[in-house]
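Trainee: Dropping the structure in here first, questions after.
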Amino acid sequence: MSLPSRLPAILQAVMQGQPQALADSHYPQWHLAPVNGLLNDPNGFCQVAGRYHLFYQWNPLACDHTYKCWGHWSSADLLHWRHEPIALMPDEEYDRNGCYSGSAVEFEGALTLCYTGNVKFPDGGRTAWQCLATENADGTFRKLGPVLPLPEGYTGHVRDPKVWRQDGRWYMVLGAQDVQQRGKVLLFTASDLREWRLVGEIAGHDVNGLANAGYMWECPDLFPLADTHLLICCPQGLAREAQRFLNTYPAVWMAGRFDAERGIFDHGPLHELDSGFEFYAPQTMQADDGRRLLVGWMGVPDGDEMHQPTRAQGWIHQMTCVRELEWQAGTLYQRPLRELVALRGEAQGWCGQTLPLAPMELAFDLSPDSTLGLDFAGALQLTVNRDGLRLSRRGLQTAEMHHRYWRGEARRLRIFIDRSSVEIFINDGEGVMSSRFFPGYPGQLIFSGATPVAFCRWLLRPCMVE
């Protein structure tokens, strides 16, 4: 049974909130962000008939996680984006507490969304349904209803279907928590998208010898890359280490051999996907040209998000830039989308101590004994030395200083700056650090160190959103 539509309230919220958000000095110039309300996980990242689609978790009514819809952008070039109609709203009994994350595939000639319908009960319990919706001729979506109930042996925390086709069959990975409150990744298979069979657990606590791996794994994504398979996911409850897994919840990758017929993923250790303050729920897709592309949410759930100053302007959070994934010598590399060079203005050489803070790209090489400091208008500090990189900033809730680390020899940096974010690509993508910061404007980027650094910079044009 359909629930009362909240579309009129959503339209009113967008009309009232958009001018305020766009006027905010922290609203991004070339990253994707909500016109109002809260954005989180990227969903349904795909390319169909040559056009890219990026859906996203969106609460258009408030800057909190209460009313989860699927927003929708599309693009011909990953630079110029168009707002599409809202794809999903929680207006059925089986998704009444949120249309949670999922993926998109082409099925029976139509773009089809695979998502989790979240249902909460008055006694504090919950359940989850894996659901389908198919695109209509006018670009809206028609819900087909649930296709998979909660599997036996797992709590109501089963979500985020990532679906793909392989060797004539459909496969799906789901994030899950078993009844012993241990995080898992489940593998399902089907001849179509309607009747799924559980193959087994392919990753998580007590799988492949992995102990103490947290109480819930979410946002899984399993895909081939070069001569290996990679599983990306977000374990909740993973133990923090001295300089790793420091966010409330991290995003990780592991490489290994995937046997679809036997339902086995024989993988190695967990690696942090991004070492910055804000990165979560990444999703990948394979473009028509063969590239494996990734986009992530530049946020972390249950962190300092409710203290971000943009909430006062009616919006919160943004996406990362799109990244290209490559597998080289046993390491995952993330490189900035090559199309981003089209946003560059004229190249400018620079060797000095201060720059006006603005949306831009910086690139420079480092010698093995380099020591370097960058201060982002007092809101974020980067330190580079022979041990690696450290990002530092004060908490939004307290004045306590917090740090994030990347360890290794930094030989080259590419730094992408927007009005309230930075993404630092280390050694052509061997490491990445993504973080939000909220400076006062006008602000300065201040360099320090024993040796002046010569670098190239490009001011970045806006990423157009229609």
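In case you wondered, yes, glycine gets a Cβ from its N, Cα and C as well.
Bear in mind that the values here come from a model prediction, so they are computed numbers and not experimental data.
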Trainee: Of E218, E241, E261, E272, which does Swiss-Prot put in the substrate site with L38, L39, N40, D41, Q57, Y100, S101, R159, D160?
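Mentor: When Swiss-Prot describes the substrate site, the candidate it includes is E218.
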Trainee: For D160 (substrate binding site) and D41 (active site), what Cα-Cα distance in Å is obtained after rounding to a whole number?
Mentor: 10
Trainee: Of the residues named as substrate binders, L38, L39, N40, D41, Q57, Y100, S101, R159, D160, E218, how far apart in Å are the Cα atoms of the most distant pair?
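Mentor: That value is 20 Å for the farthest Cα pair.
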